[in-house]
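Report on the following structure.
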Ligand SMILES: Nc1ncnc2c1ncn2[C@@H]1O[C@H](COP(=O)(O)OP(=O)(O)OP(=O)(O)O)[C@@H](O)[C@H]1O
Ligand SMILES: O=C(O)[C@H](O)COP(=O)(O)O
């Protein structure tokens, strides 16, 4: 059974709370370019502070070697502004100083510990038992009374801060985690017909999702768009042109073959774009499939595809969407995503996963129309295929 915050005796307790505030950062100076993930955790942190807990926040930012691999000072300042309780910053994660500062936290206040991935163990994969023996867990456990996992978006990772602490401390799901489990953990119970829209650039991941939901009978229809749609068109023998084929092949060598296998097995449940949009100079030009190939890459789905997909989505019991329909960052190619996702909001229930997708919808101003916008990318995709996550399993004590 997974225990929730309601089960936690918070008053005066030192609570380690794992959050996922991994965010886009500004190139210069390491400021935050988007604080949506920080806002998502406000409920959990505020509630614990209001209940007089002493909150030690654990989080990562970026991956070692990447430009967004930064310290968490800016995150702490932003959380301090977002919350009515005070949030301090500690520039180490489990040093003696960090432990002393946890010990002297005032009830009703929080402190963000340094980027967990500054320590190499946190960027490795462990079994839960081994994760519980890492330095991070060993050193912090004596300073903590309980652990809360609110980092749904990282809970597919076998990392110590996710799966180690529940081996050693009473463990609870935070409010973000609770909401995500409620919606994504019961996907097979959601209203039918269930329609998955798979767009974006992660062709291999999306094909894997398509395979899984079709084989498990979770999907009544899979609508393809973005580079994923182009891979399916190529697999169906449509001659898109060398430029589009190169974009697909750059992403994956196996995609067209695997998409072809899925089409052989499930052709009646997989839907392909009927037209595409390309750029010529400043202009957007839509081409039907019989007007192809073209020397320009297909950057969006066209109006005929949007209309056909909208009919299916508006009748859906559940619409589950991941990945934009086109290169939404370019004004000429945002309409496919805007129209397609707009029609999905008219389904009985609409669920969106994927960080880029959420930021596309925020840019297009249609994010509020969805019933559930997951904080997770890879984690949400895994749940949407009917699997659980190691971090959630670890909470099941
Ligand atoms: N036809 C296309 N050609 C080139 N790029 C495309 C096309 N369609 C969509 N994209 C690109 O796909 C990217 C987003 O895809 P991605 O699969 O990463 O989304 P996501 O699942 O929401 O993200 P994440 O899982 O990282 O949170 C966007 O940058 C968009 O420009
Ligand atoms: O952004 C995410 O999907 C999560 O924060 C996990 O990050 P990771 O893919 O670097 O483990």
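These residue numbers are counts, starting from 1, taken along the chain as shown.
Yeah, the Cβs are placed from backbone N, Cα and C, and that goes for glycine too.
So that you can see what the record holds, here are the features copied from TrEMBL:
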BINDING   20, 21, 22, 37, 60, 61, 62, 63, 117, 157  substrate binding site
BINDING   37, 117, 157  (2R)-3-phosphoglycerate binding site
BINDING   329, 354, 355, 356, 357  ATP binding site
If you count the other Cβ atoms within 10 Å of each Cβ, which of the binding-site residues 20, 329, 356 comes out on top? 20
Check the binding-site residues 20, 354, 355, 356 for any whose Cβ is under 6 angstroms from an atom of ligand 1, and report them in sequence order. 354, 355, 356
Write down the Cα-Cα distance for residue 37 ((2R)-3-phosphoglycerate binding site) and residue 356 (ATP binding site), rounded and given in Å. 12
Should one count Cβ atoms within 10 Å of each candidate's Cβ, the binding-site residues 354, 355 would be headed by 354
Which binding-site residues sit within 10 Å of residue 37 ((2R)-3-phosphoglycerate binding site) - Cα, from 20, 60, 117, 329, 357: 20
Centre the Cβ atoms of 20, 21, 22, 37, 60, 61, 62, 63, 117, 157, go out 8 Å, and tell me which other residues of that chain have a Cβ in range of the substrate site. 59, 115, 154
22, 37, 117, 157: which of these binding-site residues put a Cβ within less than 6 Å of any ligand 2 atom? 22, 157
